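According to TrEMBL, the domain '2Fe-2S ferredoxin-type' annotation covers 1-90. If you look up TrEMBL, you'll see Cys42, Cys47, Cys50, Cys72 marked as [2Fe-2S] cluster 1 binding site. Under the heading [2Fe-2S] cluster 2 binding site, TrEMBL lists Cys112, Cys115, Cys149, Cys151. Residues annotated as domain 'FAD-binding PCMH-type' in TrEMBL: 206-393. Residues or ranges marked as FAD binding site in TrEMBL: Ser325, Ile326, Gly327, Gly328, Asn329, Asp341, Arg404. Sequence annotations record features per position, and here TrEMBL assigns active site, proton acceptor to Glu1237.
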Amino acid sequence: MSLVFAINGQRFELALSSVDPSTTLLEFLRYQSPFKSVKLSCGEGGCGACVVLLSRYDPVLQNVEDFTVSSCLTLLCSINHCSITTSEGLGNSREGFHTIHNRLSGFHASQCGFCTPGMSVSLFSALLDSSSSEFTVLEAEKAVSGNLCRCTGYRPIVDACKSFAADVDIEDLGFNSFCKNSLPPFDSEKRVCSFPEFLKDEMKSIDSGMHRWCSPGSVEELQRLLQGARKANSVGLSVKLVAGNTSTGYYKDERDRHYDKYVDITRIREMKEIRETQNGVEIGAVVTISKVIAALKEIRVEKMFGKLAAHMEKIAARFIRNFGSIGGNLVMAQRKQFPSDMATILLAAGASVNIMSLSRGLEKVTLEQFLQGPPLEDYYDLVLTIEIPFWHHRSSELLFETYRAAPRPNGSALAYLNAAFLAQVKDRMVINCRLAFGAYGTKHAIRCKEVEEFLSGKLITDNVLSEAITLLGKSVVPQEGTSNLAYRSSLAPGFLFNFFHSLIITEKPSSNGYYHLDQPKPLPMLSSSQHVPINDEYFPVGEPVTKSGASLQASGEAVYVDDIPAPANCLYGAFIYSTKPYAKVKGISFKENSVVPDGVLAVISYKDVPKGGQNIGLKFSFGTEPLFAEDFTLHVGQCIALVVADTQRHADTAANLALVEYETEDLEPPILSVEDAVKKSSLFEIYPFLYPQQVGDTSKGMSEADHRIISSEIRLGSQYFFYMETQTALAVPDEDSSIVVYSSCQTPQYVHSSVAACLGIPENKVRIITRRVGGGFGGKAVKAMPVATACAVAANKLQRPVRTYVNRKTDMIMTGGRHPMKITYSVGFKSTGKITALELEILIDAGATLGLSMLIPSNIIGALKKYNWGALSFDFKLCKTNLLSKAIMRAPGDVQGTYIAEAIIENVASSLSLEADTIRKINLHTYDSLALFYKDGAGEPHEYTLSSMWDKLGVSSNFEERVSIVREFNESNIWRKRGISRVPIIYPVSMFATPGRVSVLSDGTVVVEVGGIELGQGLWTKVKQMAGYALGLLQCDGTEELVDKIRVVQSDTLSMVQGNFTGGSTTSEGSCAAVRLCCETLVKRLKPLIEKSGGPISWNNLISQAYAQSVNLSASDLYTPEETPTQYLNYGVAVSEVEIDLVTGQTTVLQTDILYDSGKSLNPAVDLGQIEGAFVQGLGFFMLEEYIKDSEGLLLTDSTWTYKIPTVDTIPRQFNVEILNSGHHEKRVLSSKASGEPPLLLAA
């Protein structure tokens, strides 16, 4: 029997007997097909990078059903006779890009590009869904709501989606490269996905019992299969029932389990139908959640069904609901205590479940009995259908509401608490009710029967409701150890109050509106404005050209490290890391009774570092760090070994099965806090030249103060990078004991020296190649080095290519993130609010090794000095703990510094009962105080734009007027409150040496190499523009179109030496400066030819003549910044308005207005994307992302299920950005300024 399917119209046929049934569609696409647009990012169905369109033909109805699925969870065998469309199937560079690709590119909606193919398919699917009606702005906003992006801040992606909506006002669309009054037409035929005819002809049933994968067509056939399996079970036969397989996204250990037989139950007629009867609705257990939603929306008999459907739309993302089944969700809740929304809302609705048991036959139980019963046996018990009753009662009114509080309002996040309430009410008296709560750290959803009985037969008064809430507190009690325990407990009374408040008969009139509760409103639609100056002085520099390669990224043809085809005999690695903070490593084995994959070839450890090499994973100017733990582990997450196998799946499985034997006897207890480190004097030295300088005399400032706040404390946690592409490398042994490593890194030069030192070979035998990186944010600087080095050691040892693509959990545990810190401060100030002195003690958790932590103190102070503190002193302690070493993450130290400053300002304002904005204004720098605090970095007086920007944004954002409106809102609303603040930033950056090379080829095209790496920040785009400008100074015919002839190529450490690192926000400027120097050299060489020609000459003729006369048309140079100043200051101001719902705790950023000074922008479209993306990443740090560890430092929030970055529904609803063109700065690169990191601070 064969498995037949199509990918992008291409036919694939596989012998069913040769297919491992546990193979996912993603694995087939990435490792066995030519289509690489489908990206692996989380492997959990939580990010959307791997989304594809699945089309299924129904021969009875003769129609095609199209829907998105997460290919990382979809089993290959389940797509028999289906057609798969990936982003490059929609359009590509060979056959022409799809309109979606061009729109995403034209709206500047792709930065690193790793998420963009998934976004494209999600948008295409949304357009298909609306093919029978008009696509609306509301649908556009939801089109990519389950897809994650870490770069853009989502606004341009949403605008690209909205550009397809029939009801969009073109004036409302954000900054784009299309004509403002019109968009290129969208061919409606491109809205149809054609189903291959050859698949229609091959529709036939599969023999249900012959292979490891079988698909019975009826309940009777299934029973025969399962009874046969039961008989065979005496020899240990294991069976897995499969519907959508989406549960493996949450229960990842399921993937490592071996099953002898997979039974696909999605073809069983009784289990895939939805029937409406007199008494209610019966839903087959394998009906997908999306189909359940659609069916319930059609039921008009009772409003309850529409509300059930609306709540279900918040379960997971659309591409999970499209394949995940209602029965599977309930079985997970029953068998594995999954925190299900479905179980809670159906429990309140009075649902029941029909079960087929091999031992007990058919039985019907209430959902409550089902959830409370013993866990269903693996395949002996099967849910067939779910019944939801109608609640017809003419004599009473039916009230039904569902609730959930979650990190994301519109879904794609597990709830902190969910609830659903049903009540039959007559004349404000509760006749009876069902109150269900779930997802708060108990085994399953429950009904609060004590409260139900108490309320039944009662009129709802404030006293009755108060007593009910007291009773409820005894029923809804999260288990010990549940995260956010107090918050979850507080939600239940709020939900109950929300439901019953409208029935309250007040005993005495309320003047303060306490009993008036606004119903929760849906989030307002996203809207935005952008004011972007366009500067033609250095054309094409300053033009908002679209990002280089954006359409390639959208179609999925842009090549990342893991997209490079595997060389022959390639092996795959997976890391074994320490789970103990400080322990002796006695040995590594595999778990007893576990099935270790056959393809495991080696476990590489420090013993495999070649003779003459050193156990070094990181070599930097501040020292080295070990690649593998040797006798002792220094921290949780430290690399102990690399398992090498024939596939990435086998390597990952083996790493999961690895058992490290530790011994902690006779060892000092590990240091797990900064306080402990200080007590034990476990500190790293900070080099004097990196220690920031104090300002003024703080003891004098304190004595002049009218008021003092003494020893106030702030604690700041960590943040994970969450680049979409995890750490990855490919090492290939080459001739003469040399090695080539393809690394996704920000620091090829340092990876180069680390690999050479570890292998003990000269650096001229190492070559590091980096084309592009799928997001870095600092995490691909230091932390990419050991990944590449480990692959190199394994490749050297085994003399075969070795690659790794680190899975998301391991990446999160091993790479760490921002530096946590404890701040103690004392501040003195006048009664007016003028601050006279600030004293700080800051304990920074650097982790077990130094890395680049020595840079953090000066960065903290650099951002904190944005206010005139009068005098400033500080004591930094860089704490050496047995915790994971921290990395430099976008705005490292700076974001903490600016937050510390704002917290102090707020505290001063509070103690004086003044507005914080008043205190900020009083303590803003004059130019003189700026020069005192920042010395040479302050620049010239005309460069200091912050105070004028403060006033300008105050006017453009209507700040004062909105402060009054917020005050009125808070006075008239008890349960919802708003706040508004205006925050300035100063961000010092430094220029550093950067190399470049420009070569002109014989046909007039130009190839450019730079040391800077394209991470999504638009470096290549700016470099192309700079080369176009600098070569265009020749003023030949055709130089105005030169940008189209320029190609920037990958970084190669043997070709481009002294590449330095990409970071600190100035690499784009440095790379542009290097390229400009190269072009100036070429212009000098070509000018004599123009002069000789005596008249106009075209670019191509000029180059032909240069080749004929052997003029050197390749120039390289190293840009080195002038000695004074290598540092300059960046300025920005933001106004943000936030609303909080006091019942649920949900926060909504209603509006953010940003004014940012980017000098004369090299590319305002690129800078705009950096500003918005950085701000939203900062929003994640302060508002959403919880970095939670256990008592030994092991990360607990290690997946997309537990670690929540911002999504479309958590960004500002009104997002306005203005870029200030602050004029001429002669010491800058064409007067430009940085934009990559500084705007992140505006989220403070």
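Including glycine, each Cβ sits where the backbone N, Cα and C put it.
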Task = Give the distance between the Cα atoms of Asp341 (FAD binding site) and Cys50 ([2Fe-2S] cluster 1 binding site), rounded to the nearest whole Å.
result = 25
Ask   = Cβ distance under 8 Å to Cys112 ([2Fe-2S] cluster 2 binding site), same chain, sequence separation 6 or more: which residues?
value = Arg150, Cys151, Gln553, Tyr723, Met724, Glu725, Arg772, Val773, Gly774, Gly775, Gly776, Leu1015, Gly1016
Ask   = If you measure from the C-alpha of Cys149 ([2Fe-2S] cluster 2 binding site), which of the recorded positions Cys47, Cys72, Ile326, Asn329, Glu1237 fall inside 10 Å?
value = Cys47
Task = Round to the nearest Å and give the CA-to-CA distance linking Asn329 (FAD binding site) with Cys115 ([2Fe-2S] cluster 2 binding site).
result = 27
Ask   = What is the nearest of the binding-site residues Cys47, Cys72, Ile326, Gly327, Arg404 to Cys115 ([2Fe-2S] cluster 2 binding site), using the Cα of each?
value = Cys47
Key: Neighbourhood of Ser325 (FAD binding site) by C-beta distance under 8 A, where only residues 6 or more apart in the same chain count   = Ala243, Gly244, Thr266, Ala285, Val286, Val287, Thr288, Ile289
Task = Count the residues of the domain '2Fe-2S ferredoxin-type' (1-90) that DSSP assigns to helix (H, G, I), to strand (E, B) and to coil, and report the three numbers in that order.
result = 19 helix, 34 strand, 37 coil
Query = Of all the recorded positions given, namely Cys42, Cys47, Cys50, Cys72, Glu1237, which is spatially nearest to Arg404 (FAD binding site) at the Cα level?
reply = Cys47
Request  = Just give me the nearest neighbour of Gly327 (FAD binding site) among the binding-site residues Cys47, Cys50, Cys72, Cα to Cα.
outcome  = Cys72
Task = Looking only at C-alpha atoms, tell me how far Cys50 ([2Fe-2S] cluster 1 binding site) is from Ile326 (FAD binding site), rounded to the nearest Å.
result = 23
Task = Would you mind checking how many other C-beta atoms are within 10 angstroms of the C-beta on Gly328 (FAD binding site)?
result = 25
Query = If you draw a 10 Å sphere around the Cβ of Glu1237 (active site, proton acceptor), how many other Cβ atoms fall inside it, taking every protein chain shown into account?
reply = 28
Remark   = Those same-chain residues, other than Cys42, Cys47, Cys50, Cys72, found with Cβ within 8 Å of the centroid of the [2Fe-2S] cluster 1-site Cβ atoms are Leu26, Lys39, Leu40, Ser41, Gly43, Glu44, Gly45, Gly46, Gly48, Ala49, Ser70, Thr1200
Ask   = If the [2Fe-2S] cluster 2 site is taken as the center of the Cβ atoms of Cys112, Cys115, Cys149, Cys151, which further residues of that chain fall within 8 Å of it by their Cβ?
value = Ser110, Gln111, Gly113, Phe114, Thr116, Leu148, Arg150, Thr152, Met724, Gly774, Gly775, Gly1016
Mean per-residue pLDDT computed across the domain '2Fe-2S ferredoxin-type' (1-90) = 95
Request  = If we count other C-beta atoms within 10 Å, could you say which of the binding-site residues Cys47, Cys72, Cys151 has the fewest?
outcome  = Cys72
Task = Can you tell me how spread out the FAD site is, meaning the largest CA to CA distance among Ser325, Ile326, Gly327, Gly328, Asn329, Asp341, Arg404, in Å?
result = 21
